[in-house]
Amino acid sequence: MKPSIHSLAHQTMQEWVLEQGEKKFRADQIWEWLYRKRVQSFEEMTNLSKDLIAKLNDQFVVNPLKQRIVQESADGTVKYLFELPDGMLIETVLMCQHYGLSVCVTTQVGCNIGCTFCSSGLIKKQRDLNNGEIVAQIMLVQKYFDERGQDERVSHIVVMGIGEPFDNYNNVLNFFRTINDDKGMAIGARHITVSTSGLAHKIRDFADEGVQVNLAVSLHAPNNELRSSIMKINRAFPIEKLFAAIEYYIETTNRRVTFEYIMLNEVNDGVEQALELTELLKNIKKLSYVNLIPYNPVSEHDQYSRSPKERVLAFYDTLKKKGVNCVVRQEHGTDIDAACGQLRSNTMKRDRQKAVAAVNP
């Protein structure tokens, strides 16, 4: 299986063209074709020799993903289901924000974190995505606009799709370098956000990288008992260890951390939990931001339901009165398979039903 050309960082591309007996500037030409002109085949790179094009075709593919399903929401959100070369399925989401086009990318096939409210973990992790497969998601979303003649450009990236990004640490870091490169997509690091469920040791590593990418932490509960009951990762990285890593990150980078908090009716959404959360954040209040997330129900997790608006507002008001910066997240794609992993799991379920029907007509 040939790798995607998008797997190569610019420096690696330079090394590759030199190995082929070409001049270093050929790497710049290839990158311009890929990221500025956004061609879909090597044959479209008209200023390259036939010999170099043949070598590119022999060793790489441009696009490793196949588009299976596209769902468009009335609010402009678009959800994509892509098939990988090995037949595995992943999701990518485009959100039209007031500040530009934001793409939520997937980093793993399946997820081992095991959050009890999330559809992403219904299917266990099969493998990591490589850098090229993550970059290709953005390129295909951009192609969606290019083919419609819309002069719009993907400007923001959130690494919050299926999987735990810090469990695929090196590929995700290489992905950041590729999309941030001025010769490529040139997406500013401060326009990129990566979300972790709480791998404390990787948060420390990320602090030491010195990158300007924003950090978000999926917290979802203010104490160990509750968090362990809905997020099994808390047993490995309890709140004390997690917050020690977060404080290290803030001290090292002086950058704000966003805390994601999904609102589960009568589970974690009471005023009591809001007060616990304010206590948890008291030492880092100035550099913390809480994102309250309305829950998208998942049929396989019917023990949970969405918090009523009055409970969300009471929680929000409690945080604000205690001086915690917070917001209730704007919803996107509520009229399509909105929950993370839902489109993928529903499609796989339908595929299995079709297979059974074919065997037992």
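Placement of Cβ uses the backbone N, Cα and C atoms for every residue, glycine included.
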Additional site residue, Ser102, Ser195, Ser307 [criterion: listed by Swiss-Prot with Gly163, Glu164, Ser218, Leu219, His220, Asn296 for S-adenosyl-L-methionine]: Ser195
Residues satisfying Cβ distance under 8 Å from His220 (S-adenosyl-L-methionine binding site), sequence separation of at least 6: Cys115, Phe117, Arg227, Ile230, Met231, Glu260, Tyr261, Ile262, Asn268
10 Å Cα neighbourhood of Asn296 (S-adenosyl-L-methionine binding site): matching recorded positions from Glu91, Cys104, Cys111, Cys118: Cys118
Of the recorded positions listed as Cys104, Gly163, Glu164, Leu219, the one whose CA lies nearest the CA of Cys111 ([4Fe-4S] cluster binding site): Gly163
Site diameter for S-adenosyl-L-methionine, Å, by largest Cα distance between Gly163, Glu164, Ser195, Ser218, Leu219, His220, Asn296: 19
